[in-house]
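Notes to accompany the following structure.
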Amino acid sequence: MEFSVKSGSPEKQRSACIVVGVYEPRRLSGIAEQLDKISEGYISNLLRRGDLEGKPGQMLLLHHVPNVLSERVLLVGCGKERELDERQYKQIITKTINTLNDTGSMEAVCFLTELHVKGRDTYWKVREAVESTQNSLYSFDALKTRKGETRRPLRKLVFNVPTRRELTVGERAIEHGMAVSTGTQLCRDVANMPPNICNPAYLASQARQIAENHENLTVTTVGEEQMAKLGMNSYLAVGRGSHNESVMTVMEYKGAVDSTEKPIVLVGKGLTFDSGGISLKPGEAMDEMKYDMGGAAGVIGTMLALCELKLPINVVGILAGCENMPSSNAYRPGDILTTMSGQTVEVLNTDAEGRLVLCDVLTYVERFDPELVVDTATLTGACVIALGKHASGLFSSHNPLAHELLNAGEQSGDRAWRMPLWDEYQEHLESPFADMTNLGGRPAGAITAACFLSRFAKKYNWAHLDVAGTAWNSGANKGSTGRPVPLLTQFLINRAGVEQGE
């Protein structure tokens, strides 16, 4: 899809289709009023006859409107003018794109970016339109012998902005939106791959492909032999039952003017399949445990977006690839593991494995002398119970970092909600035989998991994103969502000090 911005009046547009908004009840937006005036009341007459009420998502396609140069005019219901919010705006854009494809239009000029959305500027509206469009066009059929027959003739979409001085803002919004969309698509593609293809080595190969096309990015891997030398016994224990070797992929992006500038480190849990190990999961929906590498998919997608944007910062992305399988060689409940940090962990349940991988990675990243560390993981079902599918769980021992991430989530529409990380919860991890257990019991499961990780992240500013509820959808729309790529990319854009709005 090709995107561009322009600033012009609707009567001068010669495109295949013009897209304008209509409010409820039957109220023309400013641009629609201009078209109505040009057409001598043609549009308002249709509305008076009840052809369109203006409810959110309603569509009415008009052909050969009098005195209008464009072949078609698409009227889009936008609801009540003062109630148009971010969620409705995204839904309207998605419905518009689907309708345009149904009409057979190859190009369109969209004036919906001129609508008033509460608390949002032109930059946000254009960027969100790009991301919503790309998201609506996504499909994963790489492994189907018969590809989908979906009709998608739309090739070019032009967003109109109110004034010429906003053209630069619009162009920047398209650039950022395309980068986020590219990263989100890679995240979804990698996460949707089946576990017989997407194993830890596959994650590494995907990272190398990005590095081949971006000179600022280098990729190295740490295999099991090197992990053993480093003392990453907790990480190794989790993968011991699998035929697929555990591989930690290290992606180093150097974009700062000063190459010695401290990097931001992103860590992604990469359990390419999680059977639960000896503490075997129930069979129902176990196929979805291929998504237990959603954190790593989010990091690799964010690293691609970062490379596309060429942000002037240094970032290290870690893909903690591993597979948790039952076998005679698998680790067991009751085992006590000595982590890379030297702390010991009593294993109460082998299905609480993500934290055992991440704890060693959080120790490993100390060598980068990081500015800060953010880990992202599909860590706990408890977070899904607490927050559902709308917000990722955010935990942090550093208030400024937590606020930055929350703000990035609000800006990008990929929201998070901060959870407590109080000392009282640490008591749930006490063990009579080791420094701690790997499970805090059923109460506050997402919090105690984050408390566990916090014990290995004391030498830098750290935050943890639990994306177990947001990384993928179940049911009829099963598949990766691409989150938290928008949040993490926005966080990096903000950190880089890149100009965004007006």
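In case you wondered, yes, glycine gets a Cβ from its N, Cα and C as well.
The Mn(2+) 2 binding site annotation in Swiss-Prot covers Lys269, Asp274, Asp292, Glu353 and is backed by sequence analysis. Look at Swiss-Prot and you will find Asp274, Asp351, Glu353 tagged as Mn(2+) 1 binding site. Sequence annotations record features per position, and here Swiss-Prot assigns active site to Lys281, Arg355.
Known features from Swiss-Prot, placed on the structure.
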residue	record	contacts (Cβ under 8 Å, 6+ apart)
Lys269	Mn(2+) 2 binding site	Asp292, Met293, Gly294, Gly295, Ala296, Ala320, Gly354, Val357, Leu358, Asp375, Thr376, Ala377, Thr378, Leu379
Asp274	Mn(2+) 2 binding site	Lys281, Met289, Asp292, Glu323, Asn324, Asp351, Glu353, Gly354
Arg355	active site	Leu379, Asn438, Ala449, Phe452, Leu453
- Query: Using an 8 Å cut-off from the Cβ centroid of Asp274, Asp351, Glu353, can you name the remaining same-chain residues around the Mn(2+) 1 site, in sequence order?
  - Reply: Val238, Leu271, Ser275, Gly276, Gly277, Ser279, Lys281, Asp292, Asn324, Thr350, Ala352, Gly354
- Message: Give me the sequence-ordered set of same-chain residues, not including Lys269, Asp274, Asp292, Glu353, with a C-beta within 8 angstroms of the centroid of the Mn(2+) 2 site's C-beta atoms.
- Response: Val238, Leu271, Met289, Met293, Cys322, Asn324, Gly354, Val357, Ala377, Thr378
- Task: Within 10 Å of the Cβ of Asp292 (Mn(2+) 2 binding site), how many other Cβ atoms can you find? Include all protein chains, please.
- Result: 28
- Message: Using CB atoms and a 10 A radius, I'd like the single residue among the binding-site residues Asp351, Glu353 with the highest neighbour count.
- Response: Glu353
